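Visitor: Please read through the structure below; I'll follow up with questions.
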Amino acid sequence: MTVAPEDCRLLRLEVRNAQTPIERKPPWIKTRARMGPEYTALKNLVRRVALHTVCEEAGCPNIFECWEDREATFLIGGDQCTRRCDFCQIDTGKPAALDRDEPRRVAESVQTMGLRYTTVTGVARDDLPDGGAWLYATTVRAIKELNPSTGVELLIPDFNGQPARLAEVFDSRPQVLAHNVETVPRIFKRIRPAFTYQRSLDVLTAAREAGLVTKSNLILGLGETADEVRTALADLRKTGCDIVTITQYLRPSMRHHPVERWVRPEEFVEYTQYAEGLGFSGVLGGPLVRSSYRAGRLYEQAAGTRTVGTSVSR
């Protein structure tokens, strides 16, 4: 059997990554389990009716706080992604056939859990003619129809920057349209070979021009410098991006990119203050922050200070 050149390259990359042992976490990379009444009730419900959330399946350290706020995240499109990012724990491979009933099931899960706010994310589906745009848009509409008071945040891939695909997704009108840049230009191709930095910025610009509240994320500890982080934050703000989260990279396995550096908590404070100075409406940074952490609160904060459609000077 002939192995495709791209597959060979990825195998070599994973072999090289595996030469570096899993890094020992510093003392500030820890969280306390605070199991309040809302979390406990939701946990029991999820077990009783066999629901599946990214929060549990990814072992998110913030699940206690988010579930206490009645917020949860769902992954759509299957468990195989057509792209490979060197920080992501989702497997790369040939996805299963499109499940057209998935939007209904997600909407019913949101209803059953009584969520106030939900984040929907998914895998890249370059195998589909529309890149999965129908699935993302239909899931948002299904949630809104069944749960009119629930806020919906949609975290999307770039759909190869195709305007028609993006328009279909934007027309579903999520409360927040998120697309994560994740890292800085110098190492972008190494970390996210199937994406481009500028195209990701263009997706955010297009979403902002469509009148949506927009959001992105930067992962630190992949080899970036402080100046590069500040430049990337400025680039995001120039697109009109409203909300940004700044996070620490936690290596999923030895196959993934090694942790280059553990960013100290005080550095996150400095980056957060810098981002606020740039004019982001909502900023959250920290070693255990994830892009969907406190998503509902960040949206409310941004919506309260932002005028939809306002242009940002470039």
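Glycine residues also receive a Cβ, built from the backbone N, Cα and C atoms like all the rest.
The annotation [4Fe-4S] cluster 1 binding site is assigned in Swiss-Prot to CYS55, CYS60, CYS66, SER292 on the grounds of sequence analysis. What Swiss-Prot lists as [4Fe-4S] cluster 2 binding site is CYS81, CYS85, CYS88. Positions annotated as domain 'Radical SAM core' by Swiss-Prot, on the basis of sequence analysis: 67-281.
Could you place these features in context, so I can see how deep they sit and what lies close by?
Guide: With a 10 A radius on its CB, CYS60 ([4Fe-4S] cluster 1 binding site) counts 21 other CB atoms from all the protein chains.
Counting only residues at least six positions away in the same chain, the Cβ atoms of GLU182, ILE191, ARG192, ALA194, PHE195 sit under 8 Å from the Cβ of CYS85 ([4Fe-4S] cluster 2 binding site).
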Visitor: Within its own chain, what residues at least 6 apart in sequence put their Cβ under 8 Å from the Cβ of CYS66 ([4Fe-4S] cluster 1 binding site), listed in sequence order?
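Guide: Non-local contacts for CYS66 ([4Fe-4S] cluster 1 binding site): CYS55, CYS60, ALA72, THR73, SER292, TYR293, ARG294, ALA295.
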Visitor: For CYS85 ([4Fe-4S] cluster 2 binding site), what is the secondary structure state per DSSP, taken as helix, strand or coil?
Guide: coil
Visitor: Near the Cβ of CYS88 ([4Fe-4S] cluster 2 binding site), how many other Cβ atoms are there if near means within 10 Å?
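Guide: 18, counting other Cβ atoms within 10 Å of CYS88 ([4Fe-4S] cluster 2 binding site).
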